Amino acid sequence: MIWKRSAVLRFYSVCGLLLLGSQGQFPLTQNVTVVEGGTAILTCRVDQNDNTSLQWSNPAQQTLYFDDKKALRDNRIELVRASWHELSISVSDVSLSDEGQYTCSLFTMPVKTSKAYLTVLGVPEKPQISGFSSPVMEGDLMQLTCKTSGSKPAADIRWFKNDKEIKDVKYLKEEDANRKTFTVSSTLDFRVDRSDDGVAVICRVDHESLNATPQVAMQVLEIHYTPSVKIIPSTPFPQEGQALTLTCESKGKPLPEPVLWTKDGAELPDPDRMVVSGRELNILFLNKTDNGTYRCEATNTIGQSSAEYVLIVHDVPNTLLPTTIIPSLTTAPVTTTVAITTSPSTSASSSSRRDPNSLAGQNGPDHALIGGIVAVVVFVTLCSIFLLGRYLARHKGTYLTNEAKGAEDAPDADTAIINAEGSQVNAEEKKEYFI
């Protein structure tokens, strides 16, 4: 009797110790998120374990691994690490059906468990843009739709035009047939103009399964529009005798056909001097009869457009032509004559026969050179006249011939010199003789 009572006490003591030790053992797990087709790692850890077994089971409560022993025949499930403190397994090529709550069990008294939820992300398919039919006419309303399927959770769609995001769009989300993924679509409405031609409209799909590389679809717009026309002259102030080139700059889609040039609403009056080469109108030897309104017309399959240029031919500037001056050393007065010719005073007949290259050599530097030469000649002439006058003034006075020197009343040489240079007292007695 005593022996039986002692055995019972020992049994309860051992059970109490086991129960007390198991209270400090807890399995630890973490939730896992993986992209569809990826590999999930499920880890269960126990900090204090007295050689108690660990087990992983799937959402259907099927045992996957018991310690290091594989229980379910699934080639996708592999053992990563097995010890008394850790049991880790991997599930490769994860599908949406693998999502759910997995259980790690620690076989103590009682059994302790920890849950880990496996989240599988559905990767959205490459988006597709629909609704564009080329070409689109300028001013039309365009509607583009971007669509993607297979995302879980639902993906986000964003629109960009010229690298600028468009906010005002419509968004629609629908659940797929498997009731796990979503189909998302977005519609963009806008009115196009010629500036949209060649512009890329981008639909971008953002989703957490794509990391930093979003999926995109691009649509390049093709817009047809009427031509725009502008006339560019080769010189801003055309003059008589010059040549003038008018360039008709036209832009349109389709590209405009060869342009049409007219003057004052009619054909060009002088085809010999007014030559059309492509988009250019070349007018040779301008004259006043060329004045008028020139019109350039450009046409494509969408429409027609034109531009006008009013031509005013200016007169040739006045030209100064000085005459050559020959200096003279005589006492006669010197007269300087400058001849000025003006083109407006010439007759109509002479202007019509004028050589357009006759004024090519008369420019600013030649006029300055001629003016400088004239100034030097005038200065030398004036200096010569002044010196000649001084010379004549100094040699003016009384001079005696040889016959006069023998007369009784003839003054001596010294007196004659003095009278020639000094002041004269009696003007009536002086006589002038020239040798």
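Cβ from N, Cα, C; glycine included.
Features of the protein shown, as given by Swiss-Prot:
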- 341-351: compositional bias 'Low complexity' (COMPBIAS)
- 127-219: domain 'Ig-like C2-type 1' (DOMAIN)
- 227-312: domain 'Ig-like C2-type 2' (DOMAIN)
- Asn31: N-linked glycosylation site (CARBOHYD)
- Asn51: N-linked glycosylation site (CARBOHYD)
- Asn291: N-linked glycosylation site (CARBOHYD)
- Ser423: phosphoserine (MOD_RES)
- 341-360: region 'Disordered' (REGION)
- 1-24: signal peptide (SIGNAL)
- 25-367: topological domain 'Extracellular' (TOPO_DOM)
- 389-435: topological domain 'Cytoplasmic' (TOPO_DOM)
Taking 10 A as the limit, how many CB atoms besides its own sit near the CB of Asn51 (N-linked glycosylation site)? 5
So of Asn31, Asn291, which of the glycosylation sites has the fewest other Cβ atoms within 10 Å around its own Cβ? Asn31
I need the CA-to-CA distance for Asn291 (N-linked glycosylation site) versus Asn51 (N-linked glycosylation site), whole Å please. 112
Please report the three-state DSSP label of Asn51 (N-linked glycosylation site). coil
In whole Å, how far does the CA atom of Asn31 (N-linked glycosylation site) lie from that of Asn51 (N-linked glycosylation site)? 25
Just give the helix, strand and coil counts over the domain 'Ig-like C2-type 1' (127-219), going by DSSP. 6 helix, 54 strand, 33 coil
Reported in the order helix, strand, coil, what are the DSSP residue counts of the domain 'Ig-like C2-type 2' (227-312)? 3 helix, 47 strand, 36 coil
